[in-house]
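Student: This is the structure I have questions about; it appears just below.
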């Protein structure tokens, strides 16, 4: 894994993005923003799921005028998503923590300057949200919907904002496929110092989005690219946050939560491993300590994996071993193994939290 690229640090509300700040997770509500009750309920769900920043669509004046009250109620920093109607950004900038503009449809230089001035007055950032499906006509005609076209759009709009004296910027270059997304971010990275918002747009339902996002976002994170991210899923809000956190964890960019290892099963297994793994997965969701937990169906790989695990199960015939920090802790009947594993994992979390508090 490459060292993370150092970028300029900005703030969306109280959440730092870039520099040495942790990589934050974002999501977006799907209710009509003007329906304050429904939108607040979705924001609360995202906050409970572990989201750091939430974006809301601003499609009309009714949405824009709801932002002041939403900002007052929201437990998370609020980003206004603006397309086409720049005047909505001017209203939104009075309340929210960040404005996202799509350079492909926001309009003329004068309109972008008006948005920049409104954001500068309040000290909030602008995300230049380039989308491969809606490039400005001049870049679409010259480059097509290619990574180069996306990069040129980003550079052009960054230069515009800088010429207006505005440098409180973050950038995204999203396409609906893995290759264009990765190539665009990779090409732009050495050319600018601004933080990157990672994402694959229109990524599809849970299964398809997990594959696309893991490949694109996980690959970029391993290259050291990325400061904040959203996993786009046609599905439940919480899924976006859960998948994003998993990508951060398994790419090594987030040292929090359980890293679960389990074998794929084979003819040697004499226990209901699939059921056991599902029960373990569900019961350790709440653990925030960076623990490695291994659930293995037989002794072939169990002892080797357990050497690297904080706590492990090695199933046998009707019973199994609990292995803690590479040492056999006890042998128990099969039906008691999951309970004991969870109990020991929670002990390890308490020890981790106590040590963290002391330090």
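Residue positions begin at 1 at the first shown residue.
Cβ atoms here come from the backbone N, Cα and C positions, even for glycine.
Heads up, here are the entries from Swiss-Prot:
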BINDING   263, 266, 298, 305  [4Fe-4S] cluster binding site
Student: So which other residues, same chain and not among 263, 266, 298, 305, have a Cβ within 8 Å of the centroid of the Cβ atoms at the [4Fe-4S] cluster site?
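Tutor: Same chain, not in 263, 266, 298, 305, Cβ within 8 Å: 264, 265, 268, 269, 296, 297, 300, 301, 302.
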Student: With every protein chain in view, how many other Cβ atoms are within 10 Å of the Cβ of residue 305 ([4Fe-4S] cluster binding site)?
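Tutor: Its Cβ has 19 other Cβ atoms within 10 Å.
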Student: Give the sequence-ordered list of residues that share a chain with residue 266 ([4Fe-4S] cluster binding site), lie 6 or more positions from it, and have CB atoms under 8 Å from its CB.
Tutor: 297, 298
Student: Around residue 263 ([4Fe-4S] cluster binding site), how many other CB atoms lie within 10 A of its CB?
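Tutor: Total other Cβ atoms inside 10 Å, all chains included: 19.
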